[in-house]
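Structure first, commentary second.
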């Protein structure tokens with residue numbers, strides 16, 4: 001048979017394979033991944049689109065207030081850049097925050113304004129929808145990382161765990177720098193050769209991408225260095241070209257990213273500011289973060305991270321033991337251990353290692369799946385029918401039944417009053433019904449100009465750290481009536497006052513004497529968090 005005659009059927013076979021997507025190797029996949037992908041019914045495109053649809057729905061369902069930084073350290077700063085008004089907290093005066101993260105949302109706001117879509121409902125929902133794209137990329141790379149480490153069986157269950165975990169649902173789509181840091185961590189780990197079971201399985205040139213992503217994560221959030229020091233030391237120990245790694249890759253790539261970040265901050269601060277150094281001084285050398293509260297050293301192990309992993313915890317522990325993949329389990333322990341040294345602790349600080357723990361959950365669930373498959377084959381061969389659910393089915397039911405209610409309650413109900421109040425005021429301001437607002441409540445308890453999107457006079461009670469001196473917010477909480485009386489002596493009479501019902505009880509007479517009446521009341525919470533129960537948020541108007 002002639003060569004030309006052979007070519008024709010070969011071409012048709014290749015065309016059919018390309019249509020089915022079965023023989024096309026992704027440029028970033030190693031040979032092991034490509035082989036595994038052939039066995040998988042899922043393409044990376046399908047995985048990403050599924051995750052994107054899920055995260056967008058997730059973003060629309062988040063209607064609660066979690067932590068002030070979501071608004072005050074990202075969207076509020078971005079709104080000021082894009083529209084010329086917005087409040088900068090004291091951190092920006094001290095130069096301990098980089099403009100790199102808010103700049104993304106500022107460009108997004110500019111685009112909305114250009115398209116004339118900067119209306120209340122869009123300004124409220126759009127930032128989390130943008131974040132959902134980054135979250136979906138994180139989900140995809142969790143799948144890809146699990147894929148290259150353990151194969152398709154583990155990858156699909158790791159992705160299931162990521163999408164089903166209540167804290168990922170509740171927090172990942174919020175506009176925290178921690179959320180973007182988590183995505184960059186997942187993408188970066190995929191490209192680091194040292195994380196894989198064998199260094200030669202990494203795609204060519206992947207370490208440079210890993211270094212660039214690690215540097216970007218550290219530029220956005222300097223504490224991300226905790227993660228990348230571990231990975232870098234692991235790489236230094238395992239690689240055979242240490243000098244090349246340090247002098248040809250690490251130093252040049254790190255310097256470029258740091259240089260670009262410094263130039264951006266120089267432009268925005270109007271002076272040279274080395275944010276990582278200022279951040280280190282405040283949070284590590286002076287324990288400035290302790291002003292916002294401290295926890296016992298073991299809090300992440302006994303409460304914080306345990307609550308985040310939630311009912312996935314036994315499966316995570318089982319997966320770590322069964323897989324014996326100490327590189328990643330060591331990273332989890334390293335991060336939790338170093339963060340435990342700091343006095344001030346928060347759930348979101350260790351968000352980047354939560355997906356890594358869920359990879360081990362995927363390993364555990366895949367092991368159950370394999371065991372059930374073997375048992376099912378034995379029962380079919382012996383013609384025995386069993387109506388009882390398998391261990392895997394029971395595990396899935398348990399995880400979904402415990403996580404879905406938690407995710408929905410925390411995202412839709414708990415602490416939603418402050419968001420609802422600002423959403424209401426935003427719409428009222430757009431109609432010209434709001435002239436000025438005073439917030440008689442703990443500082444940063446609500447979103448601000450980024451949600452109102454109207455350049456009206458607003459005033460909240462400040463809480464700039466000042467050792468030994470109570471802040472406005474502290475003094476108000478200690479004696480609401482006395483503070484309000486003194487405060488009213490110097491105010492320009494506002495059109496609206498916003499406060500919690502816990503303080504409203506004390507200020508009823510004060511509000512009536514100044515001609516204010518209740519116009520709206522919004523449910524906030526069923527139980528107290530840091531202070532007395534703040535069951536509702538009340539809006540008064542004159």
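First residue shown is number 1, and so on along the chain.
Placement of Cβ uses the backbone N, Cα and C atoms for every residue, glycine included.
Automatic, uncurated: that is what TrEMBL annotation is.
What TrEMBL annotates here:
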COMPBIAS  1-10  compositional bias 'Polar residues'
REGION    1-37  region 'Disordered'
TRANSMEM  140-160  transmembrane segment
TRANSMEM  166-191  transmembrane segment
TRANSMEM  211-231  transmembrane segment
TRANSMEM  243-264  transmembrane segment
TRANSMEM  298-318  transmembrane segment
TRANSMEM  325-343  transmembrane segment
TRANSMEM  349-368  transmembrane segment
TRANSMEM  394-412  transmembrane segment
Which range out of 166-191, 298-318, 349-368, 394-412 gives the transmembrane segment (140-160) the most CB pairs under 8 Å?
349-368
Outside the transmembrane segment (394-412), at least 6 residues beyond either end, the same-chain residues with a Cβ under 8 Å of its Cβ set are 58, 61-64, 160-161, 164-166, 169-170, 310-312, 315, 365, 368
Hey, which bits of the same chain come close to the transmembrane segment (298-318), Cβ under 8 Å, at least six residues off its ends?
161, 165-167, 336, 339-340, 345-347, 350-351, 353-354, 357-358, 360-361, 364-365, 367, 395, 398-399, 402-403, 406
With pairs fewer than 6 apart in sequence excluded, do the transmembrane segment (243-264) and the transmembrane segment (349-368) have three or more C-beta pairs that lie under 8 Å?
no
Other parts of the chain folded back onto the transmembrane segment (325-343), taken as Cβ under 8 Å at six or more residues beyond its ends
149-150, 194-195, 197, 226-227, 230-231, 234, 283-284, 287, 289-290, 294-295, 297-301, 305, 349-350, 352-353, 356-357, 359-360
Remote residues contacting the transmembrane segment (243-264) - C-beta distance under 8 A, at least 6 residues beyond either end
98-100, 103, 207-208, 211-212, 215-216, 219, 232, 235-236, 272-276
